[in-house]
Amino acid sequence: MRDYDEVIAFLGEWGPFQRLIFFLLSASIIPNGFNGMSAVFLAGTPEHRCRVPASAAANLSAAWLNASIPLEERDGRQVPSRCRRYRLAALFNFSAERLEPGRDVNLSQVQQEKCLDGWEYSREPYLSTVVSEVWQKGHSVCNHGCTDRFQLRADLLNKLGNVYSPFSYSWYGTDFELRCGLHIRLIPESPRWLISQGRVKEAETIIRNAAKRNGIPCPEILLDAVEVEDLKTKHQQGIILDLFRTPNIAVITVMSLLLWMFTSIGYFGLSLSTPNLHGNAYLNCFLSAVIEVPAYVIAWLLLRTLPRRYSIAGTLFLGGGVVLFIQLVPARFNILSVTLVMLGKFGITSAFSMLYVFTAELYPTAVRNMAVGATSMASRVGSIIAPFFVFFDAYDKYLPYILMGSLTVLIGILTLFLPESYGNPLPETVEEMLQVKGFRNRKQSYKIGNSKKNVLSTRI
């Protein structure tokens, strides 16, 4: 009995139809990069200080207005505090008595207060960001205002959950929605999936159109009735519990979920932390994007030549190792630090791109989409957590890299315990999944969807 790959083998592997689908799928993803990474600039936190209202400033001398914000040390420099100001009532009295700050009044003895009237934001390097616009709502972006800071980040994440247009002049004035569905209507449904759903006629229509576009004659009869029933049985759609039905499959699923989530934390954490690097934020973001091109090329070459586990683990070790090494670089070697971050981004990006192939190869057709969807959801959880890792630089500038590097190396080690799929055909059934190299087998009854089958249970 032929399987699906044998049925469509006459189409060839890389004809005009396959190239068109590849192009459309690739083009549909491009807007995601603009939307995802625009947060680096739109949600950036400019330099800021406590605001002194105009009504209060009118009652202060120029000297006391300039001295109204206490200084604090940051990155080896004395800069105005982001979270405190001197108590205005006291400054009014000093100004009225014509006392001079520093000469007549010891500023270290003057009582301080919180930023009761909001903040003033620098317009360098960004004219305006979502942070500088939402201060009117009373959110704090002070280094130690944990509650307010996390509330602000929640507000940002809520807004970033919407797809917005890069053509809007204001964060609140976004009227457009940039959608990447323009190409989606041109992409046909998967014939393999249609057959699993019993929609054989639709699947045959797509296959015949593919043959026509490739200039290849199509057999008069693609699937006979017996083959249709056999393929429907093989590709019967499972349920989410099928990913945890046996202990061994559950272990693979949990490990895959952790692999996707931690890799996503490293990828988005490094991407979003580019403004924190030394040098121009725009140049750093450009380099962070450019480094992904060779990362994808290397990932493609590794997928073609080497086992999946070692390829993914190796790139994760590379990415996590160099990120951990950043803390050992002296502060004066700024270029070396940026280079290491880009090398870390290179390794994690390569691993991330290979996860899609590896996960799809591990699971049979009945639960493949579900498995990739579940692990992709874990990746989205990681991308939500990643901005909070970036925030740890408020306590120590190396702390985000230590955490991201450690998690990346840890998940690289975990990858080595997954089964290998390199060189094996895509599994069509759970039985075939459990025949992947690296398993030991024994008979066991396994239920998938509404049907019960005898399959081989496994031990990694």
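In case you wondered, yes, glycine gets a Cβ from its N, Cα and C as well.
Predicted automatically and left uncurated, TrEMBL annotations should be read as such.
According to TrEMBL, the transmembrane segment annotation covers 20-43, 249-269, 281-303, 310-329, 335-358, 370-392, 398-418.
Long-range contacts of the transmembrane segment (249-269) within the same chain: residues 36, 242-243, 312, 316, 319-320, 323, 344-345, 348-349, 351-352, 355, 359, 362, 371, 374-376, 378-383, 385-387, 389-390, 400, 404-405, 407-408, 410-411, 414-415, 417-419, 430, 433, 458, 460, each at least 6 residues beyond the stretch ends and with a Cβ under 8 Å from a Cβ of the stretch. Counting residues 6+ beyond its ends, the transmembrane segment (398-418) has Cβ neighbours under 8 Å at 252, 255-256, 258-259, 262-263, 265-266, 269-270, 273, 309-310, 312-314, 316-317, 319-327, 341, 344, 348, 351, 358, 362, 389-392, 460 in the same chain. Tertiary proximity for the transmembrane segment (281-303) is limited to same-chain residues at least six positions away from its ends with a CB under 8 Å from its CB atoms, namely 33, 37, 40-41, 44, 125, 270-271, 274-275, 311, 315, 338, 341-343, 345-347, 349-351, 353-354, 357.
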